[in-house]
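Q: So TrEMBL says this about it:
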{"type": "COMPBIAS", "residues": "937-950", "note": "compositional bias 'Acidic residues'"}
{"type": "DOMAIN", "residues": "295-595", "note": "domain 'ABC transmembrane type-1'"}
{"type": "DOMAIN", "residues": "656-901", "note": "domain 'ABC transporter'"}
{"type": "DOMAIN", "residues": "979-1272", "note": "domain 'ABC transmembrane type-1'"}
{"type": "DOMAIN", "residues": "1311-1545", "note": "domain 'ABC transporter'"}
{"type": "REGION", "residues": "928-951", "note": "region 'Disordered'"}
{"type": "TRANSMEM", "residues": "33-52", "note": "transmembrane segment"}
{"type": "TRANSMEM", "residues": "73-94", "note": "transmembrane segment"}
{"type": "TRANSMEM", "residues": "106-124", "note": "transmembrane segment"}
{"type": "TRANSMEM", "residues": "136-154", "note": "transmembrane segment"}
{"type": "TRANSMEM", "residues": "302-322", "note": "transmembrane segment"}
{"type": "TRANSMEM", "residues": "423-447", "note": "transmembrane segment"}
{"type": "TRANSMEM", "residues": "961-982", "note": "transmembrane segment"}
{"type": "TRANSMEM", "residues": "988-1008", "note": "transmembrane segment"}
{"type": "TRANSMEM", "residues": "1029-1052", "note": "transmembrane segment"}
{"type": "TRANSMEM", "residues": "1122-1144", "note": "transmembrane segment"}
{"type": "TRANSMEM", "residues": "1220-1239", "note": "transmembrane segment"}
{"type": "TRANSMEM", "residues": "1245-1265", "note": "transmembrane segment"}
Amino acid sequence: MSLAFCGNENNSLAYNVDRGVLNNGCFLDALNVVPHIFLLFITFPILFIGWGSQSSKVHIHHSTWLHFPGHNLRWLLTFILLFVLVCEIAEGIVSDGFTQSHHLHLYMPAGLAFMAGITSIIYYHNIETSNFPKLLLALLFYWVLAFLMKTIKFAKYTEHSVGLRQLRYCITGLLALLYGLLLAVEINVILGRRYLCFTEATEVKPPEDLQDLGVRFLQPFVNLLSKATYWWMNTFITAAHRRPIDLKVIGKLPIAMRALTNYLKLRKAFESQRVKVGPKWIWRALRQAFGRPLIISITFRFLADLLGFAGPLCISGIVHHISKDNRTIQPPLLGVYFISSQEFLANAYVLAVLLFFALILQRTFLQASYYVAIETGINLRGAIQTKIYNKIMRLCTSNMSMGELTVGQICNLVAIDTNQLMWFFFLCPNLWAMPVQIIVGVILLYYLLGISALIGATVIAVLAPVQYFVATKLSQAQKSTLEYSSERLKKTNELLRGIKLLKLYAWEHIFCHSVEETRGKELTSLQTFALYTSISIFMNAAIPIAAVLTTFVVHVHISEEADLSPAVAFASLSLFHILVTPLFLLSSVVRSTVKALVSAQKLSEFFSSDEIGDEQEPNATMPTGPSNHKTIPSCPRNHNNKYQAVVSTQLSHNWESVFDICFDQYGTPTLSNINIKVPFGQLTMIVGQVGCGKSSLLLAALGEMQRVSGTVTWNISVPPGQKPGKICFHCVYLGRKRGSVAYASQKPWLLNATLVENITFEMPMIKPRYKAVIEACSLQPDIDILPQGDQTEIGERGIILSGGQRQRIGVARALYQQTNVVLLDDPFSALDIHLSDHLMQEGICKLLREEKRTVVLVTHKLQYLPHADWIIAMKDGTIQTEGTLKDIQNSDPKLFEQWKTLMHRQDGEFEKSMTVLERKNLRRAMYSKEAAKTEEEHEEESVESEEDDSLSQAMRHRTTIPWRSCGVYLSSAGLLLPLLLLSQLFKHTLMVAIDYWLAHWTSHVITAKMDATGRNCTVAQECGFSHSWYLSVFSVLCCLGIVLCLVTSVAVEWTGLRVAKELHHNLLSKIILAPMRLFETTPLGNILNRFSSDTNTIDQHIPATLECLSRSTLLCVSALGVISYVTPVFLIALVPLAIACYFIQKYFRVASRDLQQLEDSTQLPLLSHFSETVEGLTTIRAFRYESRFRQRLLEYTDANNIASLFLTAANRWLEVRMEYVGACVVLIAAVASISNSLYNHLSTGLVGLGLTYALMVSNYLNWMVRNLADMEVQLGSVKRINGLLKTEPENYEGLMAASQVPDGWPRQGEIQIQNLSVRYDTTLKPVLKQVNAHISPGQKVGICGRTGSGKSSFSLAFFRMVDMFEGRIIIDDIDIAKLPLQTLRSRFSIILQDPILFSGTIRFNLDPEMKATDDMLWEALEIAQLKPVVKTLTGGLDAMVTEGGENFSQGQRQLFCLARAFARKSSILIMDEATASIDMATESILQKVVMTAFADRTVVTIAHRVHTILNADLVIVMKRGIILEYDRPQALLEKEDSVFAAFVKADK
């Protein structure tokens, strides 16, 4: 067939120009080609010349991303223009189909216009990025020409009576309008940028964000197309394949998204609220601050949902029009044919293209809605977290010290409640869009099926409340699971923290059983959770089947002439699937709303809790006048508070200070009637027994107590000749002015930072001062042991230091600061005598005194009293006496004598030393870690052939799915696995069978109707056609489908439950039996994470992801199978689409995993910073470092938020691409099936089936990839747990059975050590070499020696905690190597250096095995000096101990550990520095008690204070793992060359 621009019919009116050329339709179309040709000729050279030089700059310099005025409007109008031009091309092609020859002028100008439209926006984008607006002149001319040509054409159409009934008339008018609007936009650019007709052009600076190259999140700055398709993410996601994503790669947040910006917005909203009570004011403030973007998100969602209905309508139209011939010849106008809108939309191909565009638009709007909602939620979370933090900075510490607000509660607000509000914002658009979706869906169903549609919709509506009920039950089950999970974690945490003690006392199985018991309850709760989850999954799958079945049954029975054509059946099927979605979402949206309301209530309560200052940031003000005596209004009185205090103090150089403190606890004053004097620039010591209120006094001075009456006054004046400190401003705080105070708390507080950062604490590094402080605190030997020296990470997430090391770092921090006032709360409690002396002399007396700083020191070490300029003695919350030492000697000789005795005792001590042990433990931990590292390196080397390939290997490993972990997971399922696989396969096969039968049935309905028409039957039934057979088969298939849905949902959940039970049980069993080396070389947090986050992932997340992944994969496979069966030609197109999908998922999975891990890893420091701040609140406020910590919080919040935003953008990137691939599948399937139907007479039922399944592919493709990525991340948990399961356990079995060991063994306590050699691991050197010793029954043996001499290893050898590779230990004639470990360890007692208490009753802590009677326990408590304390507690022996024994002092905890050892009544007791944390008076009593209570038992004491073993029967001096001396202490002291004697002499 020949082609001609105007057609080649001989009698063609197209060439008729009798009435003028402008009245010829073909000429008008030819005229319209001119502007497009002009633009293409002008712009192509400019694009080709400029492209190379400009495009490279775009990615490097963000400053090129300047938007001209009307930027978004231009893009929007261009998109609409391109869509209208596609319609014009389609209209031309359809119109041309009515004639014999081809009229190119009907669609060729539109095709050129389409090319010009695309060129215009590409050209504009390049001009914009190169910031050269003068080149936009070409576009200005183009819009003018195009507008004129279209207007002429439109005017001529109107003149020749072409009206709204003709589609081409409407399209021409619309195009004229669009060109006119684009011309207006272009003129607006001229007016805005003044590049034409003005003398000076406007100078425009890029946004502040883009001037900073660190900003890499470009979503707010890119053009509309890139915004919609996340095109800017391409380079980012592909780069992840080559290099892992970290915080450097993702850069900074744009200013508008930073936590500070959003916090200020939120604060402004909060301040504008009049009523500030209850959760309503929070909601109002949130709406005011973040409501606008939410409205945009809801609008996008409405548009997406309405476009979603295009699918069923287009399917109905395509299937309906395939069987009809709609050609009706219209008379030509202007020499060409015009068609109406109805004729245009009656074309199946046109509908296919429209469906494609509708899908593209719908998915774009949907993803835009998701993105905006999630971005708003993330911004909101950052703002609320910042507000919570600012509130924490102003909280009364008395609220927290009495448990009204715990660290856990505050962390829950941050980790859970802010996330609940964020999730509510994510789901908020659903809340508004769901009713619209339901109403439109029901109307369309009624239009298609009549009354029977309402019955089907009623089935869904009736089952929706059931779904809600299930969701509520699911939420309850999850809550109870969480409670049991928390309890289990608490127990596991205690078990791991006290693992050494548990192993030494052979109590690990008691605690293991306790954890298993809680796990049992958790599993019962998980079973309920699994049951309701499976019901929920079942209902999601079964309700559409039930609704469709009911509808079709009713539809067939209601009327004999029921229209059940494929068009109606498959459109209804798609509509039911759409309708079910909002009803299922309803439950999660309602649940999320309820949770958000609860969270708002919690936040409201928290924000209204007591404060100590104003909301404003601290003001920098200079002190006025010579002295500043200000009244302090402390926390407002709250009668519900358990602690209340009155404070009035002055710190001045003229000793005028008065301190009145009254502290209420249940009505009993704890601190009262206190008058103190604190001299400026001198050393004041506060002394007194444990619990007399010394620390409270310091806290009151800092304004941390809740005041009842009285005042606190600080005098900031300084003695003549002294500089007024280094801090030159004083913050407004509690209504008075006070500068920074260096404060070292009793419980050392460390930052999660390097050791040097902990000491300098935000101050600039001054090398000489730093060295002096390190020297004063004797930290250099400890620093030398650490792997990276003072750059080593310490704190919660770093290396775990001992109490003494932590305390010295805390003191070093106070010494390093250059403040006028230094408060030290018991800095010597965890230090040995040498360190204490050194710190006192070098640190306090030398360093602080030389700088004339006011020092207030709380201490138990009375030997330092002579150094004090002023002494305050406290007793039972009151001042016993105060003055200089001489004053007290005169006024209270009795007290002075008591002190003198204790001072003399302490001076005679030899502590060799706790520090030594600490350093040894640290060195051993470092050594073990290094050894573990080396082992790992060796393993890696053996796996990898060449070192150079390690990076590429790692990158390759990142791109592969962990199939081995998947195998481990599935193999744990046992027999449930085949059931799971078979049920899934059968279910999806049956689903296809149901739909295929529906296609078969409806095709037969059409055939029967045609036959009826041919045979003149009024209805098909008269010609022998009956629905009943088809309906009965359809019903059976549907019922079977529903049953299989139930089976699969139950199988998935029960498989998950079985695996969870199996893996946790195996993990706990392995960990509890693992050797101590595992706990020394693996950070505790790592092991705990296996029991917390990893177990939680396996319990709750993997089953759901597995179900979702298998469902979406099988649905996609079955859908592609059906389409290929209907139109085999589709398989050709499937190849490129499959390749595209493969690469999209390949790149996405790697980036997604990195971003998920980054989001998790950035959340940890954020939460840790909150808990760290709450714990160190007193220290931070004392130092006046609130603003610095706020700044750090903003950094952590922004880091977490940018990771979340990139993850969101990556998810949108994937979904947009997968949806577009899905839309292509629909287009290809539609075009192929239409062609197949028209030319090969494919049945209309199968066309409907193919199209319905094609729509399904677009829905499930991205779910498949998302779930695959999630599964990959979650299988990491299985991999990590599996790694721990490979741990070799200790050898618990012995050559003797437990029954063979005599009941009372060891009765005598005789110990023979023969040729003993010991090491910590087979890879390490021996720590004891060829040791021989004999300890007689009842002997008291002291072991001493320098660092690393092997003293502690000696004690651990009795318990077989170390590898005894040579020699043996015989106790009461039995070689301990032959005994079962459990039996051996259960027969001895040991007291460790660090006191460990567990949560539970005092009885449980003393005797978890429940073997001792009450009398025995009271006796043990009496021996340990604890009977009076326990008697006063409610419940006595059944009084509760909090986690870690926090409700008792450090000294009392150590006493409980002594009582625990006494209660065991074993004949051998090993004491490993048991008196570290108790005051000297109590310790001296204890030493006597040990000698008397254990008179007939063997006691082995590891001596760090040499005075503890001077009275021993036998002393063993060790050096480098061998026994150097072995004799009675007196005999050793008499020898001049004795090492022991040298130790004692050195101490004197």
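Note: Cβ is positioned from N, Cα and C throughout, glycine not excepted.
A TrEMBL annotation is a machine prediction, not a hand-curated record.
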Q: Please give the sequence-distant neighbours of the transmembrane segment (961-982): residues at least 6 beyond its ends with Cβ less than 8 Å from one of its Cβ atoms.
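A: 1048, 1051-1052, 1054-1055, 1058-1059, 1062-1063, 1098, 1102, 1149, 1268, 1271-1272, 1275-1276, 1278-1279, 1282.
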Q: Would you kindly list the residues that approach the transmembrane segment (302-322) from elsewhere in its chain, counting only those six or more residues past its ends and only Cβ-Cβ distances under 8 Å?
A: 345-348, 351-352, 354-355, 358-359, 361-363, 365-366, 369, 432-433, 436-437, 440-441, 444, 448, 565-568, 570-572, 574-575, 578, 1230, 1234, 1237-1238, 1244, 1247-1248, 1251-1252, 1255
Q: Under 8 Å between C-beta atoms and at least six residues away from its ends: which parts of the chain pack against the transmembrane segment (423-447)?
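A: For the transmembrane segment (423-447), the nonlocal Cβ contacts are 290, 294, 297-298, 300-302, 305-306, 308-309, 312-313, 369-370, 373-374, 376-377, 380, 453-454, 456-457, 572, 575-576, 578-579, 581-583, 585-586, 588-589, 592-593, 595-596.
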Q: So which of 73-94, 136-154, 1220-1239 has the most C-beta pairs under 8 Å when paired with the transmembrane segment (1122-1144)?
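A: Stretch with the highest Cβ contact count: 1220-1239.
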Q: Using a Cβ-Cβ cut-off of under 8 Å, list the residues of the same chain that are 6+ residues beyond the ends of the transmembrane segment (73-94) and lie near it.
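A: Those are 103, 106-107, 110-111, 113-114, 117-118, 120-121, 124, 167-168, 171, 174-175, 178-179, 181-182, 185, 223-225, 339, 343-344, 347, 350, 353, 357, in sequence order.
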Q: In the same chain, which residue numbers or ranges, 6 or more beyond the ends of the transmembrane segment (1029-1052), come under 8 angstroms Cβ to Cβ?
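A: Same-chain residues near the transmembrane segment (1029-1052) but 6 or more away: 533-535, 537-538, 541-542, 545-546, 548-549, 552-553, 556, 976, 979-980, 983-984, 986-987, 990-991, 993-994, 997-998, 1000-1001, 1004, 1103, 1106-1107, 1110.
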Q: Are there three or more C-beta pairs under 8 angstroms joining the transmembrane segment (988-1008) and the transmembrane segment (1220-1239), sequence spacing 6 or more?
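A: No; fewer than 3 Cβ pairs under 8 Å.
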Q: Cβ under 8 Å to the transmembrane segment (988-1008), counting only same-chain residues 6 or more beyond its ends: which ones?
A: 323, 545, 564-566, 568-570, 573, 1020, 1023, 1025, 1027, 1030-1031, 1033-1034, 1037-1038, 1040-1041, 1044, 1114-1115, 1117-1118, 1121-1122, 1243-1246, 1248-1249, 1252-1253
Q: Residues of the same chain, at least six outside the transmembrane segment (1245-1265), with any C-beta under 8 angstroms of its C-beta?
A: 311, 315, 318-319, 322, 359, 363, 566-567, 569-570, 573-574, 577, 995-996, 998-1004, 1006, 1108-1109, 1112-1113, 1115-1116, 1118-1120, 1122-1123, 1126-1127, 1141, 1144-1145, 1148-1149, 1214-1215, 1218-1219, 1221-1223, 1225-1226, 1229-1230, 1233-1234, 1236-1237
Q: Quick one: average pLDDT across the domain 'ABC transporter' (1311-1545), no decimals.
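A: Across the domain 'ABC transporter' (1311-1545), the average pLDDT comes out at 80.
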